[in-house]
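J.: Sending over a structure as structure tokens; questions will come in a sec.
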Amino acid sequence: LHMIHLHWYQYPPMNPMMYPLLLVFMLITGILCLAGNFVTIWVFMNTKSLRTPANLLVVNLAMSDFLMMFTMFPPMMVTCYYHTWTLGATFCQVYAFLGNLCGCASIWTMVFITFDRYNVIVKGVAGEPLSTKKASLWILTIWILSITWCIAPFFGWNRYVPEGNTGCGTDYLSEDILSRSYLYIYSTWVYFLPLAITIYCHVFIIKAVAAHEKGMRDQAKKMGIKSLRNEEAQKTSAECRLAKIAMTTVALWFIAWTPYLLINWVGMFARSYLSPVYTIWGYVFAKANAVYNPIVYAIS
């Protein structure tokens, strides 16, 4: 109780019907996420033709999403059943840490997937091919940096606390400069910087794809045929398709996490607008991003 901010005590208990609705949503989300990401990992690891350096990043993405839902799903179900957080202060901190860690690892994995597509499509033969060693180094870097940032609240730079009485996360209601400085930097690290890199890469990817397609049409017109699709062109077309998949995946991630980012910033600067209902659904909606990735890659 000592970790719960006074802000949450001013609100009456939520409508009892909200919890069954939340429980059903989490049940569907949890099953889809665990099954989808497990299948993704299994297929990529057991199909020799798919065991490429670039797909190591896809496997890492599926693993971080699987870990997120594996650790978030059961506690959320318990919370929905009892209508409040009942798992204690220590597990609250561990729960929040794992959620932040997996979210951070997922977004940076998708950023590196996007950068790899940028390297292949925009730079072409001039770009350095992604090797297994380089992909492994990227993945190691992602997890080391993610752990470094997410472990900081355990050492006094911000802290993990209950939010909305049903979940746990970073302390965005604290008014001290040290706590807020963590949220400023962390928001930049897991949202604004990845977004900037993603937009930059996709702008040039789209330009490269458009230029390639125009060149293909012009060449076909000169040869007096309707299309020009040799083996190299088909390969380029496949790369472009993968770029669209990566773009869709990253876009869905940002759509999922933007509400939670806004909750953090509203909590810092306009907490009177922040109710448990908004917090809970923003939090749950953010976790649902782990469902999107296997669906997008399965369609491909």
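Each residue, glycine too, has its Cβ placed from N, Cα and C.
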J.: Confirm whether, per Swiss-Prot, K222 lies on the same side of the membrane as W8.
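T.: Topo match: no.
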J.: Pick from C33, C80, C92: which one does Swiss-Prot say forms the disulfide with C168?
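T.: That record, Swiss-Prot, gives the partner as C92.
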J.: Under an 8 Å Cβ to Cβ limit, what residues of the same chain, 6 or more beyond the ends of the topological domain 'Extracellular' (1-18), are close to it?
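T.: Answer is 83, 89, 92, 161-165, 171, 173-174, 271, 274-277, 280.
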J.: If you skip the near sequence neighbours and keep only those at least six away, which residues in the chain come within under 8 angstroms of K287 (N6-(retinylidene)lysine), Cβ to Cβ?
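T.: When sequence neighbours closer than 6 are ignored, K287 (N6-(retinylidene)lysine) has T29, M68, M69, M72, M76, G99 within Cβ distance under 8 Å.
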J.: Tell me, if you would, which residue among C92, C168 (disulfide-bonded residues) has the fewest other CB atoms within 10 Å in the structure shown?
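T.: Sparsest of the disulfide-bonded residues C92, C168 by Cβ contacts within 10 Å: C92.
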J.: Give the residue counts of the topological domain 'Extracellular' (156-181) per reduced DSSP state, in the order helix, strand, coil.
T.: 5 helix, 8 strand, 13 coil
